[in-house]
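Participant: Below you'll find the structure I mean.
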Amino acid sequence: MKAWILLLVLTRCSWGLISADNTFSDRTIGEFRELLINTKDGALFAGSEGAIFRLWAYNINDTGENVFSKKQLILSETEESECCSTASDEKLCRPSTRFLAFTNNKDSIYVCSSVGMRPEIRVLDSISLQDQQEPRTEIGICVVDPTFNSTAVVVDNGNPEDASSVYSGIRTGMGGENHLIYRPPLTKNGKQLHASIRTIYSDNKWLNEPQFVGSFDVGQHVLFFFREIAHDNSFGERIIHSRVARVCKKDIGGRNVLRQVWTSFVKARLNCSVSANFPFYFDHIQSVKRVDKHGETFFYATFSTSETAFTSSAICMFQLSSINHLLDTGLLMEETANGQFAVTADEIPAHRPGTCSSNSHSISDTDLHFAKTHLLVSDSISGGTPILPLRDHVYTQILVDQLNNQNVIFAFDSSQQKMWKISHWKEGNEWKWNLIETQTLKTSGFRINDVALLPGEFFFATSKAGVHQFSVARCQELPSCALCSMDPYCSWNAVNSKCALKTKTNEKSVGWISSSWAGRISPECSAVEKLQVKDVYLGDGFKIQGARGGTWQKDGRDLEESQRHVATSQGELVILNVDVEDAGTYECTRNGVILMRARVVVHENCARPTSVAEYRSCQREWCKKADAYKAALNIWSDSNKKNVQCKANGPSINGL
C-alpha cells in the first residue's frame, strides 16, 4: 500500500516547450526511424522509409559534400506490385530501414532493411554510404513489421573462428509466431564455418512471446533484454516479467542434444520495484542503454506498469557484475506438473547451464538435457532504488551522458513528446538522483521513433517529420544561480547575473559559478544571489519568478493553490487581488532544495484609489510630475545645444 501512496504523491511535473535547434527533413522519403551516431567523427546516421542519411551531428542541416551523404533504397515497380498484391498493408512494401550498426571498426555500416517485405542486408561505407558488397536477402536479422519489438547486435570479435556475425532477438514466420534468439551461419571468405544457432521456438519455457528491447556484446557473452509472459494468474491474466538472457559467443550448439540450439542460454528476472511490505513492480521493460564507467558496466533501463488506468514508469540501473554473478551462481528453476521450484545446488551438474565452453560439442548429452529444462534462475537481479517513478507516463526511450561525477539521464515519452533530464550519482555506497528539468519537445506533434546522443552537446530524435536536434541544456533560460549551477552543463556569471553554457574556459574562471557536486546547488550561490523584494499594494496582482517542477512555500509552510494563488506551467507564482496576509517570504523548492526566494511587502496605507475624487487627485499629482519632467528635459536640451555650439567654435582637429 505504501508503494501506491508514494506514486500518488509524486511531485507534479510542469512542462516547458522547446523547439529543435535544427530539423532535417527530405520530402522525397517517408518516416524517419533508426539513429546511429559516431561520437568521435560527429557523424549521425538516420534510417528512414526510402533512404539512409549521413548527417553532421553539430548541424544536421549542413548538407555540404564533406559531411552529408544519402543512400537511396530502391524497390522496382514490379517488386512493389507483387508485394502489394499479397501484403496486408501496402506500407509494409515500402523500402525502409529496420536496423543500423557499426562494423569493421566503424568504417562500415551494417544495414538491415525491409524491401518489398524482404529483409535485405547491406554493408555500406561509413562516409560515402556506397555498397561495399552486394546486397543480399537474409531472414532472421530484422523484422518486416516495424511494430514488432526486435533487437540485434553486430559482434565482430569473440565468435568461433573470429568470424563476424549478428545476434538477433526476433520474430519469424508468416505471422511472426516464432520467437527466437538467433545467430545466422558463420561464414568467412565465402565459406560456411558453422551452422546457424537459435533458441527452441516451439517451447515457451525458452521464450514466451518476448518483446525485445536491447542486445549487447559484453566480453565472452551477448546479453538480451526483453519482457515476456511469466505465467497466467488465477484470473486468467497474463503476468509479464522483465528478463535478461545470456548466451556465449563460442557456442555452436550440442552434438546430439540441442543440435543447432544454444547450450549456454540462461535467463533471470529484472527487478525494478518500489520497496514496501507489498512491493510495487515495474514489470514492463521498455528500453535500455549501456554505460561503461570506472571499470564497470551498467545498464540503465526504463520500465512501466501494465497498461491500466494507473500506468506508471520508473528507471532502474543494473550492474553487469550483479547480472553475471546471479547467472553464474543462482539456483535454477525446474518446471513440473505441480508448478515451478528451485533445484538444490547439488543437483546442478558439473557443467552448469550458462557456462561457456571452448567446444560446446564436447558437452555431455546428460548435461545438455539438464540445461534444456533449467533455463531460469530462481532469484531476480535488483535494479536498486527506482529513479523518478512517475504516474501517467511511459518512458519509452533513454539516453545517458557520462560526466566526471555523475551520469545525466534523458528519459522520453515518445507518444507525448516529453523529456526528463535527471542527474544520477553515487555518494558513498548509495546511488542518488535529482530531477533537473522536464520539457515537451516540438516534433511537429509526431511520435518519437528513436533517440541518440552527442555527449555534452545535443540529443536527437526521429519522427515522421524528420530528424530533430536539441541542445542538452538551455542555460540562458535559467533565471537563478541555484537553477543554473544544478544543471551540469551550465555555469552562472556572478557579474552579469546570467546563466551560460559551461565551457573549459569559464568552468574554473573567477566570477563563474558551477556546482562541482553532482545534482547539487553550488554553495557559492548563496553569496551572490539576491533576495527578490516585491513592493505591492492592496488590490494589486503580480507574479514571482519560479522554476518548472517546483512547489511553493510561504514563511516555511506549503502554499495551497486557490483562486488568488495560481502556479503557472513555468513554475511562476501569480497572486491576484493582494491582501495584507500576502506579505511574507516565498520560496520555490524542488526535491527539498530552495531554487528561488522572494520577500513580498504589502503597503497598506497606499491603496489604489477607489473613488472619482481620489482618481482626480492622483491625476493632478501625475500632471505635476509630468510638468516637472518636461521642464527638466527642456533645460537638458538647451544645455546640450550650447555644448555642441562650443565644440563647433573651438579649435579644429588639424590645429590640435
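Even glycines carry a Cβ here, placed using N, Cα and C.
Remember, it's a predicted structure, so these values are computed and weren't measured experimentally.
The annotation disulfide bond is assigned in Swiss-Prot to Cys83-Cys93, Cys248-Cys356, Cys272-Cys316, Cys475-Cys490, Cys484-Cys499. What Swiss-Prot records for 21-472 is domain 'Sema', and it gives sequence analysis as the kind of evidence. The feature domain 'PSI' is assigned by Swiss-Prot to 474-523. Sequence annotations record features per position, and here Swiss-Prot assigns domain 'Ig-like' to 518-604. What Swiss-Prot records for Asn61, Asn149, Asn271 is N-linked glycosylation site, and it gives sequence analysis as the kind of evidence. According to Swiss-Prot, the signal peptide annotation covers 1-20, on the basis of sequence analysis.
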Participant: Pick out which of the disulfide-bonded residues Cys83, Cys93, Cys356 has the most other Cβ atoms within 10 Å of its own Cβ.
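Facilitator: Of the disulfide-bonded residues Cys83, Cys93, Cys356, the highest Cβ count within 10 Å belongs to Cys93.
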Participant: Whole-number answer please: how many Å between the C-alpha atoms of Cys83 (disulfide bond) and Cys499 (disulfide bond)?
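Facilitator: Here the two Cα atoms lie 56 Å apart.
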Participant: Give the distance between the Cα atoms of Cys490 (disulfide bond) and Cys484 (disulfide bond), rounded to the nearest whole Å.
Facilitator: 6
Participant: Whole-number answer please: how many Å between the C-alpha atoms of Cys316 (disulfide bond) and Cys475 (disulfide bond)?
Facilitator: 28
Participant: Any idea what DSSP makes of Cys484 (disulfide bond), helix, strand or coil?
Facilitator: helix
Participant: Under a three-state reading of DSSP, tell me whether Cys475 (disulfide bond) is helix, strand or coil.
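Facilitator: In the DSSP reduction, Cys475 (disulfide bond) maps to helix.
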Participant: Per DSSP, to which secondary structure element type does Cys83 (disulfide bond) belong, with helix, strand and coil as the options?
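Facilitator: The residue in question, Cys83 (disulfide bond), is helix (DSSP, three-state).
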Participant: Among all the protein chains here, how many other CB atoms are within 10 A of the CB of Asn61 (N-linked glycosylation site)?
Facilitator: 14
Participant: How many other Cβ atoms are found within 10 Å of the Cβ atom of Asn271 (N-linked glycosylation site), counting all protein chains shown?
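Facilitator: Asn271 (N-linked glycosylation site) is surrounded by 20 other Cβ atoms within 10 Å.
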Participant: Distance between Cys499 (disulfide bond) and Cys93 (disulfide bond) at the Cα atoms, whole Å?
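Facilitator: About 50 Å separate the Cα atoms of these two residues.
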Participant: What's the number of neighbouring CB atoms sitting within 10 A of the CB on Cys499 (disulfide bond)?
Facilitator: 25
Participant: Look at each of the disulfide-bonded residues, Cys248, Cys475, Cys484, and point out the one with the fewest other Cβ atoms around it within 10 Å.
Facilitator: Cys475
Participant: These are the disulfide-bonded residues: Cys272, Cys316. Which one scores highest on other Cβ atoms within 10 Å?
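Facilitator: The residue with the densest Cβ neighbourhood is Cys272.
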Participant: So how many of the residues in the domain 'Ig-like' (518-604) end up helix, strand or coil by DSSP?
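Facilitator: Counting residues per DSSP class in the domain 'Ig-like' (518-604), I get 7 helix, 39 strand, 41 coil.
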Participant: Rounded to a whole number, how many Å is the Cα of Cys248 (disulfide bond) away from the Cα of Cys272 (disulfide bond)?
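Facilitator: The separation of the Cα atoms works out to 26 Å.
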Participant: According to DSSP, collapsed to three classes, what secondary structure does Cys248 (disulfide bond) have?
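Facilitator: The three-state answer is strand.
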Participant: Measuring Cα to Cα, how many Å separate Asn61 (N-linked glycosylation site) from Cys272 (disulfide bond)?
Facilitator: 40
